[in-house]
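Q: What follows is a structure written as structure tokens; I'll ask about it next.
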């Protein structure tokens, strides 16, 4: 088709990829021929999409794992200062996650559909993707300002909630410093989704590979280091602020460099267009926040409930949450990758290929969920002893709960990957509705009933409630995607395009920057 094009040494030589397109994750696109060759079995394109999805997911999983270590490392060093310091820092981090970070990530998730669809749409795709990112940046900047006011004045709220006065003062001091980490964190989350829409997946991982060791060094120096550097308790938020802002600055510099290479956008001559039509970004972001908050806050509700079951139950719950949070990054990374992939395909008008990606996402959810389930079942007692080698009661309780947690892994992994498909197809409101109903109308009441009422299962009852929440959400996601969304996508694809433009009739007529360069699609 394009025999004169050169190939890259990063991947095996394939049919019609430019050197630039091989620098992204699209080298495997040469396998996508089933739309023009009906003799290829239908499983072949699904398998091809599964391989592409793995190429997306692995770097994103690495990004999530490294991102989680930034605050975890400082918590480890704070634990050496004393129990009070550790409790205060835990309170500060929990407050920051629920009130600020979840909001930033939720509203940034709007770009998983907006940027990915815009980038591959006909016309000025890359520049429209940048416009979508600018609009979300404006919304998030306003929210960060409001969050900063809240965090600066958080002490009266702690007092109203009757938090221990010493812990309240220490946590409030930490949050006054942590609020300065929000600009860098927001910049990183927005820019990495803008880059993922262009199949530039590995850059955020590379940034965190550099930042994570630096964060560990800073945490040690500021918390427990020699006198000229030692800040004690306040060293933990200081290291987090520096690390988050370095993350944001690094990703911003690369994004600006890439945007300059893409040329001057037409909309820059009329800057007012950036401040208008913020509605899609806001409502999709609000839906993303509702989806994310329904999960994050549910964990906190279970934590508060487990505190009423005694110290052993609370300690066991903390161990189980730590284990599941790490393992969740597998399906979470796959969900983020499939959102970008499906958004690219829907934006280019390739609905048949988007359906193949949906089935590949389901397969990825089953694979990742099976791996985590097997890991928990095989290593449940070693994992329990790893976190609590001295307290046999806690170890036994963790070992008792982990089989139920293992049952959650496959449906939770499927739900996460299918939610990525739904977001990429431009329907984040559906995910938000299903999550809110599943977690708070079904799961939480069921968990509280099983734990504190009949049959009084304690901590196990809370996790059975989680199983009900995840299972119901997974079933509704499967039904909605394969019985509602996909048929609608095949019959009326224009209704799911967040960036309105006419899809190209011939893939060979796609603009050059979409065919190659930093694009995610190549002509068939």
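Each residue, glycine too, has its Cβ placed from N, Cα and C.
Whatever TrEMBL says is automated annotation, not expert-curated.
So TrEMBL says this about it:
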TRANSMEM  132-155  transmembrane segment
TRANSMEM  167-188  transmembrane segment
TRANSMEM  200-223  transmembrane segment
TRANSMEM  229-254  transmembrane segment
TRANSMEM  359-382  transmembrane segment
TRANSMEM  432-454  transmembrane segment
TRANSMEM  460-482  transmembrane segment
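Walk me through the surroundings of each of these features.
A: Beyond its flanks by at least six residues, the transmembrane segment (132-155) meets 95-96, 99-100, 103-104, 107-108, 110-111, 114-115, 118, 168-169, 171-172, 175-176, 178-179, 182-183, 186, 190-191, 193-194, 274-275, 277-278, 281-282, 285, 499 of its own chain at Cβ-Cβ distances under 8 Å.
Sequence-distant neighbours of the transmembrane segment (167-188) (same chain, 6+ residues past either end, Cβ-Cβ under 8 Å): 84-85, 87-89, 91-92, 95-96, 100-101, 104, 108, 137, 140-141, 144, 147-148, 151-152, 154-155, 158-159, 204, 207, 233-234, 236-238, 240-241, 243-249, 251-252.
Tertiary neighbourhood of the transmembrane segment (229-254): same-chain residues 70-71, 74-75, 77-78, 81, 85, 88-89, 92, 170, 173-175, 177-178, 180-188, 191-192, 195, 203-204, 207-208, 210-211, 214-215, 218-219, 221-223, selected by CB-CB distance under 8 Å and a gap of 6+ residues from either end.
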Q: Which sequence-distant residues neighbour the transmembrane segment (432-454)? Criterion: at least 6 residues beyond either end, Cβ under 8 Å.
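A: For the transmembrane segment (432-454), the far contacts come to 286-288, 290-291, 294-295, 298, 301-302, 305, 308-309, 460-466, 468-470, 472-473, 476-477, 480.
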Q: Using a Cβ-Cβ cut-off of under 8 Å, list the residues of the same chain that are 6+ residues beyond the ends of the transmembrane segment (460-482) and lie near it.
A: 298, 302, 305-306, 317, 320, 358, 362, 400-401, 404-405, 407-408, 411-412, 414-415, 418-419, 421-422, 430-431, 434-435, 437-439, 442-452
